[in-house]
Structures are given as C-alpha cells and as structure tokens.
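What TrEMBL annotates here:
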| type | residues | note |
| --- | --- | --- |
| TRANSMEM | 12-31 | transmembrane segment |
| TRANSMEM | 43-62 | transmembrane segment |
| TRANSMEM | 82-105 | transmembrane segment |
| TRANSMEM | 121-141 | transmembrane segment |
| TRANSMEM | 153-173 | transmembrane segment |
| TRANSMEM | 179-202 | transmembrane segment |
| TRANSMEM | 314-333 | transmembrane segment |
| TRANSMEM | 353-376 | transmembrane segment |
| TRANSMEM | 388-407 | transmembrane segment |
| TRANSMEM | 413-432 | transmembrane segment |
| TRANSMEM | 452-471 | transmembrane segment |
| TRANSMEM | 477-500 | transmembrane segment |
C-alpha cells in the first residue's frame with residue numbers, strides 16, 4: 001500500500017469515526033431521555049458515571065499501550081509475534097478489572113443499597129464486559145493496520161444499536177431490574193462486538209481478496225497465540241515499546257487528564273466528535289508512513305514530504321476549529337446553557353466554566369495532533385525520556401490544581417488543565433522542530449494564521465460579546481434570535497475569510513476528508 005493509499009484510507013477512517021461518535025452520542029442521549037421515564041436518575045447516574053468509568057479505565061490501561069506500539073511500523077513486522085503480544089491484553093485486562101473492581105467496591109464510597117441495589121453485580125459485569133471486549137483486540141489491530149476502513153464503523157454501529165434495543169425492551173418490560181438490565185446490555189454490546197469481528201475474519205480469511213491484499217493471517221487458527229519455530233514468542237522490541245507506552249498511559253490516565261473523563265458535558269462534545277477521531281486515525285497514518293526511531297535523513301523523501309504536508313494541514317484544521325469554539329463559545333456559553341438546562345444551569349457558575357472550557361478545547365485540539373505525530377515517530381528511548389517529562393508535568397499539574405482550585409474553584413481546576421496542556425504542546429512542538437530541522441519542511445508554520453483572518457476572529461469576538469450584553473438572555477426569544485443571527489453572520493465571515501486565506505487547507509479537505517463522499521470505495 002502506497003503512502004497516498006494510506007492517506008486516503010486514513011482520511012476515510014477519520015470521517016467514519018466522526019460519524020460513529022455522532023451516532024453513539026445521539027443514541028445515548030435519546031436512550032437516557034427514554035429510560036428516565038422508567039428508571040430512577042440515581043441508577044442512570046451510577047451507570048453512566050461510576051460503572052462506565054470502571055469499564056473505560058480497564059480498557060484504557062489494558063490496551064492503549066499495545067495499540068500505540070503495535071500500530072507502529074514497517075513491512076518487516078512478524079504478525080504472529082504481534083498477535084501473541086496482543087493476547088497479553090486479556091490477562092492484563094483481567095488483572096485490572098479485578099483490582100479496580102476491588103477499589104470500586106472497597107475503597108470508594110458505595111451507593112445506598114436501598115436506592116441503588118445490585119451495585120456489586122454491576123461492577124462485576126462491567127469489568128467482565130471490558131475483558132470480553134479485549135478478546136477482540138488482535139482483530140481490531142489487524143483491521144486498523146490493514147486499513148479495513150468500514151469494518152469498525154459497521155461492527156460498532158450494529159453493537160450500539162443492539163444494546164439500545166435490548167435496553168429499551170428491558171426498561172419497558174422489566175424496569176425493576178435496575179442495574180441488572182444496564183449491566184446485561186453492556187455485556188451484550190461487547191459480546192456482539194466480539195462475535196461480529198470473528199465472523200468477519202472467518203469469512204474473509206482464505207478468500208481471493210485476502211490473497212490480493214497479501215493479508216498476513218491465512219486461517220482462523222493464526223488469530224490465536226502459537227509458538228514460532230526458531231523465533232521468540234513475541235517481538236521483544238515491541239514489548240519494550242509497549243511497556244514504555246504503558247507507563248506513559250498510566251500517568252496520563254491517573255494524573256493529567258482527569259477533566260477529560262470528569263467534565264463530560266457540552267464543552268467536551270466537539271473534542272469527542274471531531275478531535276479524538278482525527279487523533280486516533282492519523283496516528284495510524286504517521287506510524288505507517290514514517291519509521292519509528294529513525295531520523296528524517298533515513299526516511300524516504302516523498303513520505304517525509306507527505307507526512308509534513310498532512311501534519312501541517314491537520315494542525316491548521318484543528319487550530320481553526322478550536323479558535324472558532326473559543327471565540328464564539330465566550331459569547332454563546334450563557335445562551336447554550338440556558339437553552340439546554342434553563343436558569344438552573346445558566347444563572348450560576350456554568351457559563352464561566354464553559355467559557356474557560358472552550359479555551360481548554362482549543363489546547364486539547366492542538367495537543368492531540370502534535371502528540372499524535374510525536375508518539376508515532378518517537379523511539380523507545382525517547383518515549384522513556386518523555387515518561388520522565390510526564391512525571392514532572394504531573395507534579396506541576398497537581399501544584400497548579402491545588403493553588404488554582406483554591407483561588408477560583410472549578411474554573412481554577414480547568415485552568416490548571418489548560419496550563420498542563422500548554423506545557424505538553426510546548427514539548428511536542430520542540431520535538432517536531434528538532435525532527436524536521438535537517439529538512440526544508442516546516443509543518444509548524446501552520447500555527448501562524450493570516451493577519452486578515454486574525455482580525456476577523458478578533459472582530460467576531462468583540463461583536464458577539466457586545467451582542468450578548470445587549471440581546472442575551474433575559475428579554476425573551478426575539479432578542480435571543482437576534483443574538484444568534486449576529487453570531488451566524490460573524491461565523492459566515494470567518495468561514496469565507498478562511499476559505500480565501502487558507503487555500504492549502506481547503507485543498508486538503510476537498511481531496512482527502514471529503515473525497516469519501518464523491519468516490520465509491522473500491
């Protein structure tokens with residue numbers, strides 16, 4: 001597969017992942033609205049916060065490092081060794097599920113058993129669901145590495161829909177089951193995910209299409225661990241790289257990204273819909289096009305040029321989206337919260353929190369792309385050194401959190417995350433500058449905007465802020481609509497200015513991110 005093919009497949013993968021995130025969020029929102037009519041909000045809260053956090057934490061700690069390590073690299077990979085390594089996610093996930101399950105039940109405060117019965121069963125089944133999902137991890141890695149673009153979207157969409165249908169049926173006919181029904185629905189989701197992945201590969205392996213793609217797995221037995229004659233059971237270079245990424249993932253999850261898991265509100269929707277799919281998809285692109293640990297002088301010239309061009313366009317794209325959210329978020333946070341939750345949300349500290357969170361979204365966007373590239377090309381030794389940087393950043397973050405939270409409560413906590421994210425961006429920018437220094441490529445130039453576009457952003461921010469003071473939000477719906485119209489005109493001005501000043505980005509979006517809608521996949 002050529003670099004151009006990898007880029008086209010990655011762009012389609014990112015687009016499909018965005019659609020999948022939208023489907024998941026819409027279905028979750030509708031499902032929660034429906035189940036509230038039959039099940040108490042306390043039970044839904046425990047499921048959506050405590051049990052889902054347990055499930056996602058087990059998955060993150062068990063598989064994130066393996067994904068980063070095993071999606072890196074070149075044609076010399078021995079897929080039998082990689083599959084053997086990937087199956088280690090299952091016992092590791094089992095250990096994490098047992099350990100975190102004990103923490104959830106013994107160290108954290110448990111809900112009142114009278115209002116939320118069977119909490120222990122929920123912890124057990126959500127932990128089990130994570131382990132069941134890990135059984136499909138080797139298949140997921142194979143699909144991603146070989147650019148099976150639609151497989152993930154189809155399988156996860158079917159699983160989500162079946163989970164929703166099961167939940168609706170159980171809520172209607174057995175609402176008294178409470179946590180039982182949500183736990184069984186989660187187990188059904190992961191089971192369907194596992195079954196469909198295996199069914200696809202059972203059908204695919206041995207076909208002419210598999211031979212045409214030179215697929216490295218020949219039969220279903222090759223998807224399971226096995227010995228290799230005269231070779232190590234696993235690729236120890238990848239195993240050591242996995243360990244380095246694991247240390248990094250542990251620090252990120254426990255110390256430095258609390259707000260991303262905790263503040264699951266309006267401010268984080270764009271981050272989850274747009275930035276996360278871009279980061280996950282283009283990590284695969286950079287890891288396949290550039291060889292990990294090699295200097296730029298030892299890489300193929302055309303692939304370096306393509307990686308630089310893609311990095312430049314991605315940085316520009318997320319920077320413009322993030323700036324738009326920050327500029328317009330300031331003037332429309334109050335209105336958005338008022339529409340979403342009435343005066344209960346808009347009259348307190350909510351608008352201020354959301355405004356600061358819009359700044360965090362901008363930093364989150366830039367950091368996602370810079371770290372996506374950095375982690376894709378770092379050598380094992382560089383990852384190990386970065387882990388010490390992460391430890392130092394974690395200590396700084398805890399200090400920032402203590403003082404800023406004492407100074408300004410929840411706003412201070414988000415500001416601490418902003419400072420932490422800014423330091424991580426600075427480190428990644430320094431790495432990217434050093435990486436491209438021997439070449440003529442300067443992808444970081446995309447962080448500089450056209451002066452005209454900067455002026456349009458500033459003017460839009462001032463006009464919308466002035467509009468908020470005059471029209472929003474206590475004088476009825478007509479002034480609100482005027483305020484919305486002012487924002488729409490300003491947003492249109494930003495889009496038109498971006499179209500004419502950022503022609504390279506427009507070309508990238510047309511030829512890559514939007515090409516999936518005009519071309520039929522072969």
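Heads up, the Cβ atoms here are built off N, Cα and C, so glycines get one too.
The stretches the transmembrane segment (43-62) and the transmembrane segment (353-376) do not meet in space: the count of Cβ pairs below 8 angstroms, excluding pairs fewer than 6 apart in sequence, stays at fewer than three. In this chain, the transmembrane segment (452-471) lies apart from the transmembrane segment (413-432): fewer than three C-beta pairs between them fall below 8 angstroms, excluding pairs fewer than 6 positions apart.
It is 179-202 that, among the stretches 82-105, 179-202, 314-333, 413-432, 477-500, forms the most Cβ pairs under 8 Å with the transmembrane segment (121-141).
Remote same-chain partners of the transmembrane segment (477-500), defined as residues 6 or more beyond its termini with a Cβ less than 8 Å from a stretch Cβ, comprise 320, 324, 327-328, 331-332, 335, 450, 452-453, 456-457, 459-460, 463-464, 467-468, 470-471, 506. Tertiary proximity for the transmembrane segment (179-202) is limited to same-chain residues at least six positions away from its ends with a CB under 8 Å from its CB atoms, namely 43, 46-47, 51, 55, 116-119, 121-122, 124-126, 128-130, 132-133, 135-136, 139-140, 142-143, 151, 154-156, 158-160, 162-163, 166-167, 170-171, 217, 220, 223. Panel annotation: around the transmembrane segment (153-173), residues 16-17, 19-20, 23-24, 27, 31, 34-35, 38-39, 181-182, 184-186, 188-190, 192-193, 196-197, 200 of the same chain, lying at least six beyond its termini, place a Cβ under 8 Å from a Cβ of the stretch. Using a Cβ-Cβ cut-off under 8 Å and counting only residues 6 or more beyond its ends in the same chain, the transmembrane segment (82-105) has close neighbours at 50, 54, 57-59, 61-63, 66, 70, 120, 123-124, 127-128, 130-131, 134-135, 137-138, 141-142, 217, 222-226, 233-235, 238-239, 242.
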